[in-house]
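Read the structure below first, then the notes.
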Ligand code: SR1
Ligand code: MG
(Lines of atoms letter the chains of each structure in order from A; the text may use other names.)
(Lines give C-alpha, C1' and ligand atoms only; values in the text may rest on other atoms or scores of the structure.)
(Ligands and ions follow the chains in the order given, each with its own letter.)
Protein backbone atom coordinates (compact mmCIF):
# COMPACT_ATOMS: atom_id res chain seq x y z
CA UNK A 1 0.00 0.00 0.00
CA UNK A 2 1.23 3.51 -0.85
CA UNK A 3 1.43 6.25 1.78
CA UNK A 4 1.76 9.49 -0.20
CA UNK A 5 4.11 12.34 0.74
CA UNK A 6 3.28 15.49 2.73
CA UNK A 7 1.58 18.57 1.16
CA UNK A 8 -1.17 20.99 2.03
CA UNK A 9 -4.82 20.02 1.96
CA UNK A 10 -6.88 21.13 -1.00
CA UNK A 11 -10.04 19.53 -2.34
CA UNK A 12 -9.54 17.83 -5.69
CA UNK A 13 -11.31 18.59 -8.95
CA UNK A 14 -12.12 15.71 -11.33
CA UNK A 15 -9.07 16.64 -13.48
CA UNK A 16 -6.78 16.72 -10.42
CA UNK A 17 -8.13 13.34 -9.29
CA UNK A 18 -6.95 11.82 -12.61
CA UNK A 19 -3.48 13.36 -12.19
CA UNK A 20 -3.40 12.07 -8.61
CA UNK A 21 -4.30 8.51 -9.66
CA UNK A 22 -1.58 8.52 -12.32
CA UNK A 23 1.00 9.85 -9.83
CA UNK A 24 0.22 6.92 -7.56
CA UNK A 25 1.17 4.65 -10.46
CA UNK A 26 -2.26 3.06 -10.62
CA UNK A 27 -2.58 3.96 -14.34
CA UNK A 28 0.08 4.67 -16.91
CA UNK A 29 0.63 8.31 -17.92
CA UNK A 30 -0.52 8.08 -21.52
CA UNK A 31 -4.01 6.70 -20.77
CA UNK A 32 -7.09 8.86 -21.42
CA UNK A 33 -9.03 8.35 -18.22
CA UNK A 34 -12.59 9.30 -17.30
CA UNK A 35 -13.45 10.75 -13.91
CA UNK A 36 -16.74 11.66 -12.28
CA UNK A 37 -17.61 12.77 -8.77
CA UNK A 38 -20.27 10.27 -7.68
CA UNK A 39 -20.58 10.99 -3.94
CA UNK A 40 -24.16 11.24 -2.78
CA UNK A 41 -23.45 10.99 0.94
CA UNK A 42 -23.51 13.78 3.49
CA UNK A 43 -19.81 14.37 4.02
CA UNK A 44 -17.28 13.55 1.27
CA UNK A 45 -16.25 13.68 -2.37
CA UNK A 46 -16.08 10.32 -4.15
CA UNK A 47 -14.28 10.29 -7.51
CA UNK A 48 -14.57 7.31 -9.80
CA UNK A 49 -11.68 7.10 -12.24
CA UNK A 50 -11.75 4.56 -15.02
CA UNK A 51 -10.04 3.53 -18.19
CA UNK A 52 -12.90 3.46 -20.73
CA UNK A 53 -10.97 1.00 -22.92
CA UNK A 54 -11.05 -1.87 -20.42
CA UNK A 55 -13.52 -0.52 -17.82
CA UNK A 56 -10.95 -0.89 -14.99
CA UNK A 57 -11.35 1.71 -12.30
CA UNK A 58 -10.52 2.94 -8.81
CA UNK A 59 -12.23 5.13 -6.26
CA UNK A 60 -10.63 8.18 -4.69
CA UNK A 61 -12.58 9.24 -1.65
CA UNK A 62 -11.70 12.62 -0.18
CA UNK A 63 -13.00 14.02 3.08
CA UNK A 64 -14.01 17.68 2.99
CA UNK A 65 -13.12 19.93 5.95
CA UNK A 66 -16.84 20.49 6.55
CA UNK A 67 -20.08 18.48 6.38
CA UNK A 68 -21.22 18.59 2.73
CA UNK A 69 -24.85 18.14 3.80
CA UNK A 70 -24.84 21.46 5.73
CA UNK A 71 -21.98 23.45 4.16
CA UNK A 72 -18.84 25.25 5.32
CA UNK A 73 -20.57 26.50 8.47
CA UNK A 74 -20.19 22.96 9.91
CA UNK A 75 -16.42 22.28 10.07
CA UNK A 76 -15.43 18.64 10.40
CA UNK A 77 -12.11 16.98 11.10
CA UNK A 78 -10.14 15.57 8.16
CA UNK A 79 -8.77 12.89 10.50
CA UNK A 80 -11.88 10.87 9.70
CA UNK A 81 -10.31 9.78 6.40
CA UNK A 82 -7.49 8.05 8.31
CA UNK A 83 -10.00 6.47 10.71
CA UNK A 84 -12.06 5.20 7.78
CA UNK A 85 -9.11 3.68 5.92
CA UNK A 86 -7.75 2.10 9.12
CA UNK A 87 -11.17 0.66 10.00
CA UNK A 88 -11.54 -0.80 6.50
CA UNK A 89 -8.19 -2.49 6.93
CA UNK A 90 -8.85 -3.71 10.47
CA UNK A 91 -12.31 -5.04 9.61
CA UNK A 92 -10.89 -6.54 6.42
CA UNK A 93 -8.60 -8.72 8.56
CA UNK A 94 -11.69 -10.54 9.83
CA UNK A 95 -14.28 -10.03 7.12
CA UNK A 96 -12.14 -10.20 3.99
CA UNK A 97 -14.32 -9.99 0.91
CA UNK A 98 -17.00 -8.01 2.73
CA UNK A 99 -15.13 -4.68 2.63
CA UNK A 100 -13.36 -2.92 -0.26
CA UNK A 101 -9.63 -3.28 -0.70
CA UNK A 102 -7.65 -0.15 0.27
CA UNK A 103 -4.85 0.71 -2.21
CA UNK A 104 -3.47 3.91 -0.67
CA UNK A 105 -3.97 6.38 2.18
CA UNK A 106 -3.01 10.07 2.08
CA UNK A 107 -3.44 11.70 5.46
CA UNK A 108 -2.64 15.27 4.33
CA UNK A 109 -5.17 15.28 1.50
CA UNK A 110 -7.60 13.15 3.58
CA UNK A 111 -7.78 10.66 0.73
CA UNK A 112 -8.42 6.93 0.62
CA UNK A 113 -7.84 5.18 -2.68
CA UNK A 114 -9.78 1.95 -2.93
CA UNK A 115 -11.36 -0.75 -5.01
CA UNK A 116 -14.01 0.42 -7.48
CA UNK A 117 -17.30 -1.18 -6.53
CA UNK A 118 -19.43 0.42 -9.22
CA UNK A 119 -20.47 -3.01 -10.49
CA UNK A 120 -22.60 -3.04 -7.33
CA UNK A 121 -25.50 -0.84 -6.22
CA UNK A 122 -25.93 1.00 -2.95
CA UNK A 123 -28.24 -1.35 -1.03
CA UNK A 124 -30.66 1.43 -0.04
CA UNK A 125 -31.17 2.39 -3.70
CA UNK A 126 -31.54 -1.24 -4.78
CA UNK A 127 -33.96 -2.09 -1.97
CA UNK A 128 -36.09 0.92 -2.86
CA UNK A 129 -36.30 -0.46 -6.42
CA UNK A 130 -37.22 -3.91 -5.00
CA UNK A 131 -33.93 -5.43 -6.19
CA UNK A 132 -33.27 -8.86 -4.72
CA UNK A 133 -30.19 -9.30 -2.53
CA UNK A 134 -30.35 -12.93 -1.36
CA UNK A 135 -26.96 -12.69 0.39
CA UNK A 136 -27.45 -9.35 2.13
CA UNK A 137 -28.46 -10.58 5.58
CA UNK A 138 -26.14 -13.60 5.71
CA UNK A 139 -23.21 -11.40 4.66
CA UNK A 140 -24.02 -8.60 7.07
CA UNK A 141 -24.64 -11.08 9.92
CA UNK A 142 -21.22 -12.59 9.19
CA UNK A 143 -19.56 -9.15 8.88
CA UNK A 144 -21.05 -8.05 12.22
CA UNK A 145 -20.01 -11.21 14.07
CA UNK A 146 -16.47 -11.30 12.64
CA UNK A 147 -15.62 -7.61 13.05
CA UNK A 148 -17.28 -7.11 16.42
CA UNK A 149 -16.14 -10.35 18.08
CA UNK A 150 -12.53 -10.08 16.88
CA UNK A 151 -12.04 -6.48 18.01
CA UNK A 152 -13.57 -7.08 21.46
CA UNK A 153 -12.06 -8.08 24.80
CA UNK A 154 -13.43 -11.56 24.13
CA UNK A 155 -10.82 -12.08 21.40
CA UNK A 156 -7.96 -9.69 22.18
CA UNK A 157 -5.27 -9.32 24.82
CA UNK A 158 -6.31 -6.34 26.99
CA UNK A 159 -3.19 -4.34 25.95
CA UNK A 160 -3.96 -4.82 22.26
CA UNK A 161 -7.62 -3.94 22.75
CA UNK A 162 -6.84 -0.74 24.67
CA UNK A 163 -4.30 0.25 22.01
CA UNK A 164 -7.04 -0.03 19.40
CA UNK A 165 -9.47 1.94 21.58
CA UNK A 166 -6.99 4.81 21.56
CA UNK A 167 -6.12 4.50 17.84
CA UNK A 168 -9.80 4.69 16.96
CA UNK A 169 -10.64 7.63 19.19
CA UNK A 170 -13.05 9.58 16.94
CA UNK A 171 -14.57 12.32 19.12
CA UNK A 172 -15.88 14.65 16.40
CA UNK A 173 -17.74 12.02 14.44
CA UNK A 174 -19.05 10.47 17.68
CA UNK A 175 -20.36 13.91 18.66
CA UNK A 176 -22.40 14.00 15.45
CA UNK A 177 -24.01 10.68 16.41
CA UNK A 178 -24.50 11.75 20.03
CA UNK A 179 -26.32 14.87 18.83
CA UNK A 180 -28.14 13.63 15.75
CA UNK A 181 -29.23 10.18 16.98
CA UNK A 182 -29.45 10.47 20.74
CA UNK A 183 -30.17 14.11 21.58
CA UNK A 184 -31.57 16.55 19.03
CA UNK A 185 -34.64 14.54 17.87
CA UNK A 186 -35.82 14.27 21.47
CA UNK A 187 -35.75 18.04 22.09
CA UNK A 188 -37.06 21.07 20.25
CA UNK A 189 -33.69 21.74 18.58
CA UNK A 190 -33.02 23.66 15.37
CA UNK A 191 -31.34 20.75 13.56
CA UNK A 192 -34.62 18.80 13.44
CA UNK A 193 -36.47 18.63 10.17
CA UNK A 194 -40.04 17.33 9.82
CA UNK A 195 -43.31 18.04 8.05
CA UNK A 196 -45.72 20.28 9.94
CA UNK A 197 -48.31 17.48 9.91
CA UNK A 198 -45.98 15.48 12.18
CA UNK A 199 -45.76 18.24 14.80
CA UNK A 200 -48.28 16.63 17.19
CA UNK A 201 -46.37 13.31 17.12
CA UNK A 202 -43.03 15.08 17.50
CA UNK A 203 -44.22 17.18 20.44
CA UNK A 204 -45.48 13.98 22.07
CA UNK A 205 -41.93 12.62 21.81
CA UNK A 206 -40.42 15.80 23.26
CA UNK A 207 -42.72 15.62 26.28
CA UNK A 208 -42.47 11.86 26.88
CA UNK A 209 -40.23 11.76 29.95
CA UNK A 210 -40.26 7.97 30.14
CA UNK A 211 -39.03 7.71 26.54
CA UNK A 212 -36.37 10.35 27.16
CA UNK A 213 -35.11 8.46 30.21
CA UNK A 214 -34.65 5.31 28.10
CA UNK A 215 -32.92 7.28 25.31
CA UNK A 216 -30.64 8.82 27.95
CA UNK A 217 -29.67 5.29 29.05
CA UNK A 218 -28.95 4.26 25.46
CA UNK A 219 -26.89 7.42 24.92
CA UNK A 220 -24.92 6.58 28.07
CA UNK A 221 -24.15 3.12 26.63
CA UNK A 222 -22.97 4.73 23.39
CA UNK A 223 -20.78 7.19 25.30
CA UNK A 224 -19.21 4.73 27.71
CA UNK A 225 -19.28 1.10 26.55
CA UNK A 226 -16.11 0.55 24.51
CA UNK A 227 -16.94 -3.05 23.57
CA UNK A 228 -15.72 -3.42 20.00
CA UNK A 229 -14.53 -1.50 16.93
CA UNK A 230 -17.83 -0.44 15.39
CA UNK A 231 -18.49 0.61 11.82
CA UNK A 232 -20.44 3.40 13.50
CA UNK A 233 -22.87 4.24 10.65
CA UNK A 234 -24.08 0.90 9.31
CA UNK A 235 -27.17 1.96 7.39
CA UNK A 236 -28.12 0.56 3.98
CA UNK A 237 -26.44 3.55 2.27
CA UNK A 238 -23.12 2.25 3.68
CA UNK A 239 -23.50 -1.08 1.87
CA UNK A 240 -22.88 -1.97 -1.76
CA UNK A 241 -24.76 -5.07 -2.95
CA UNK A 242 -25.64 -7.31 -5.85
CA UNK A 243 -27.23 -10.76 -6.03
CA UNK A 244 -23.77 -12.26 -5.51
CA UNK A 245 -21.83 -9.81 -3.35
CA UNK A 246 -22.02 -7.49 -0.35
CA UNK A 247 -19.42 -4.86 0.59
CA UNK A 248 -19.54 -2.59 3.62
CA UNK A 249 -18.14 0.88 2.95
CA UNK A 250 -17.79 4.25 4.70
CA UNK A 251 -16.67 3.43 8.27
CA UNK A 252 -15.62 7.02 8.97
CA UNK A 253 -17.69 6.97 12.19
CA UNK A 254 -15.70 3.94 13.44
CA UNK A 255 -14.84 3.93 17.15
CA UNK A 256 -14.99 1.62 20.15
CA UNK A 257 -18.61 1.43 21.23
CA UNK A 258 -21.43 -0.95 22.19
CA UNK A 259 -21.76 -3.96 19.86
CA UNK A 260 -25.54 -3.59 19.58
CA UNK A 261 -25.15 -0.20 17.87
CA UNK A 262 -24.02 -1.59 14.48
CA UNK A 263 -26.58 -4.40 14.67
CA UNK A 264 -29.40 -2.01 15.57
CA UNK A 265 -28.63 0.55 12.85
CA UNK A 266 -28.70 -2.10 10.15
CA UNK A 267 -31.98 -3.59 11.44
CA UNK A 268 -33.62 -0.14 11.61
CA UNK A 269 -32.71 0.58 8.02
CA UNK A 270 -34.29 -2.72 6.95
CA UNK A 271 -37.38 -1.77 8.94
CA UNK A 272 -37.83 1.37 6.80
CA UNK A 273 -38.32 -1.07 3.92
CA UNK A 274 -40.94 -3.08 5.83
CA UNK A 275 -42.84 0.19 6.29
CA UNK A 276 -42.87 1.04 2.60
CA UNK A 277 -43.43 -2.45 1.15
CA UNK A 278 -46.46 -4.71 0.99
CA UNK A 279 -47.17 -8.42 0.55
CA UNK A 280 -44.43 -10.82 -0.56
CA UNK A 281 -41.82 -8.09 -0.98
CA UNK A 282 -42.29 -7.16 2.69
CA UNK A 283 -41.88 -10.82 3.73
CA UNK A 284 -38.45 -10.79 2.04
CA UNK A 285 -37.38 -8.00 4.38
CA UNK A 286 -38.77 -9.78 7.45
CA UNK A 287 -36.63 -12.74 6.40
CA UNK A 288 -33.56 -10.48 6.10
CA UNK A 289 -34.21 -9.09 9.60
CA UNK A 290 -34.50 -12.59 11.07
CA UNK A 291 -31.49 -13.91 9.20
CA UNK A 292 -29.24 -10.98 10.14
CA UNK A 293 -29.72 -11.67 13.84
CA UNK A 294 -29.58 -15.44 13.42
CA UNK A 295 -26.35 -15.43 11.44
CA UNK A 296 -24.80 -12.80 13.71
CA UNK A 297 -25.68 -14.58 16.97
CA UNK A 298 -24.79 -18.10 15.82
CA UNK A 299 -21.46 -16.96 14.31
CA UNK A 300 -20.64 -14.87 17.40
CA UNK A 301 -21.42 -17.89 19.56
CA UNK A 302 -19.25 -20.17 17.39
CA UNK A 303 -16.33 -17.71 17.59
CA UNK A 304 -16.85 -17.45 21.35
CA UNK A 305 -16.60 -21.22 21.77
CA UNK A 306 -13.57 -21.59 19.50
CA UNK A 307 -11.60 -18.41 20.08
CA UNK A 308 -12.64 -16.47 23.21
CA UNK A 309 -9.71 -15.65 25.51
CA UNK A 310 -11.90 -14.55 28.43
CA UNK A 311 -11.44 -16.67 31.60
CA UNK A 312 -15.20 -16.63 32.22
CA UNK A 313 -16.08 -17.84 28.72
CA UNK A 314 -17.32 -21.22 29.98
CA UNK A 315 -19.08 -19.87 33.05
CA UNK A 316 -22.69 -20.94 32.71
CA UNK A 317 -24.93 -18.12 31.57
CA UNK A 318 -22.21 -15.61 30.64
CA UNK A 319 -22.34 -16.05 26.86
CA UNK A 320 -26.15 -15.87 26.96
CA UNK A 321 -25.95 -12.72 29.08
CA UNK A 322 -23.61 -11.09 26.53
CA UNK A 323 -25.81 -11.97 23.54
CA UNK A 324 -29.03 -10.96 25.32
CA UNK A 325 -27.49 -7.60 26.19
CA UNK A 326 -26.39 -7.07 22.56
CA UNK A 327 -29.93 -7.90 21.40
CA UNK A 328 -31.63 -5.52 23.82
CA UNK A 329 -29.17 -2.74 22.98
CA UNK A 330 -29.67 -3.36 19.25
CA UNK A 331 -33.46 -3.00 19.58
CA UNK A 332 -33.06 0.24 21.55
CA UNK A 333 -30.51 1.71 19.11
CA UNK A 334 -32.73 0.69 16.20
CA UNK A 335 -35.54 2.65 17.86
CA UNK A 336 -33.37 5.79 18.07
CA UNK A 337 -32.31 5.40 14.40
CA UNK A 338 -35.95 5.03 13.29
CA UNK A 339 -36.89 8.25 15.08
CA UNK A 340 -33.89 10.35 14.07
CA UNK A 341 -34.13 9.41 10.36
CA UNK A 342 -37.78 10.52 10.44
CA UNK A 343 -37.63 13.85 12.31
CA UNK A 344 -33.93 14.67 12.73
CA UNK A 345 -31.40 16.31 10.41
CA UNK A 346 -30.45 13.36 8.20
CA UNK A 347 -33.40 11.57 6.61
CA UNK A 348 -33.69 8.40 4.52
CA UNK A 349 -34.83 8.27 0.94
CA UNK A 350 -37.00 5.20 1.72
CA UNK A 351 -39.49 7.53 3.43
CA UNK A 352 -38.78 10.95 1.90
CA UNK A 353 -39.29 9.73 -1.66
CA UNK A 354 -42.96 8.88 -1.05
CA UNK A 355 -44.61 11.56 -3.18
CA UNK A 356 -48.14 11.27 -1.85
CA UNK A 357 -48.13 13.41 1.31
CA UNK A 358 -50.78 11.40 3.16
CA UNK A 359 -48.95 8.12 2.53
CA UNK A 360 -45.60 9.65 3.46
CA UNK A 361 -46.91 11.01 6.74
CA UNK A 362 -48.52 7.66 7.56
CA UNK A 363 -45.23 5.88 6.90
CA UNK A 364 -43.36 8.39 9.07
CA UNK A 365 -45.88 8.06 11.90
CA UNK A 366 -45.34 4.30 11.75
CA UNK A 367 -41.55 4.73 11.93
CA UNK A 368 -41.98 6.94 15.01
CA UNK A 369 -44.36 4.46 16.62
CA UNK A 370 -42.02 1.50 16.05
CA UNK A 371 -39.07 3.57 17.27
CA UNK A 372 -40.80 4.50 20.53
CA UNK A 373 -42.01 0.96 21.08
CA UNK A 374 -38.53 -0.47 20.56
CA UNK A 375 -36.91 2.00 22.94
CA UNK A 376 -39.50 1.55 25.69
CA UNK A 377 -39.91 -2.24 25.41
CA UNK A 378 -36.44 -3.41 24.43
CA UNK A 379 -36.06 -5.42 27.64
CA UNK A 380 -39.33 -7.29 27.08
CA UNK A 381 -38.77 -8.08 23.38
CA UNK A 382 -37.13 -11.43 23.85
CA UNK A 383 -36.35 -12.71 20.34
CA UNK A 384 -36.00 -11.66 16.71
CA UNK A 385 -39.23 -13.59 16.00
CA UNK A 386 -41.08 -11.34 18.46
CA UNK A 387 -39.64 -8.29 16.66
CA UNK A 388 -41.15 -9.58 13.43
CA UNK A 389 -44.49 -10.43 15.06
CA UNK A 390 -44.57 -6.93 16.49
CA UNK A 391 -43.83 -5.35 13.10
CA UNK A 392 -46.47 -7.53 11.44
CA UNK A 393 -49.01 -6.52 14.07
CA UNK A 394 -48.24 -2.78 13.73
CA UNK A 395 -48.25 -2.91 9.95
CA UNK A 396 -51.58 -4.77 9.49
C1 LIG B 1 -23.86 15.60 9.17
S2 LIG B 1 -23.78 13.93 8.91
C3 LIG B 1 -25.38 13.30 8.98
C4 LIG B 1 -25.45 11.84 8.96
O5 LIG B 1 -24.81 11.34 7.79
C6 LIG B 1 -23.95 10.26 8.12
O7 LIG B 1 -24.06 9.24 7.20
C8 LIG B 1 -24.38 9.84 9.52
O9 LIG B 1 -25.44 8.93 9.49
C10 LIG B 1 -24.77 11.14 10.10
O11 LIG B 1 -25.58 11.02 11.25
MG1 MG C 1 -21.46 7.67 5.26
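In case you wondered, yes, glycine gets a Cβ from its N, Cα and C as well.
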Candidate sharing the ATP site with 61, 115, 116, 117, 250, 251, 252 (per TrEMBL), from 42, 44, 269: 44
Close-lying binding-site residues around ligand 2 among 44, 61, 115, 117, 340, where CB distance stays under 6 Å: none
Cβ packing number for residue 252 (ATP binding site), 10 Å threshold: 28
DSSP three-state assignment for residue 251 (ATP binding site): helix
Sequence-ordered binding-site residues from 61, 117, 233 with Cβ under 6 Å of an atom of ligand 1: 233
Cβ-based isolation winner (fewest other Cβ atoms within 10 Å) among the binding-site residues 116, 233, 250: 116
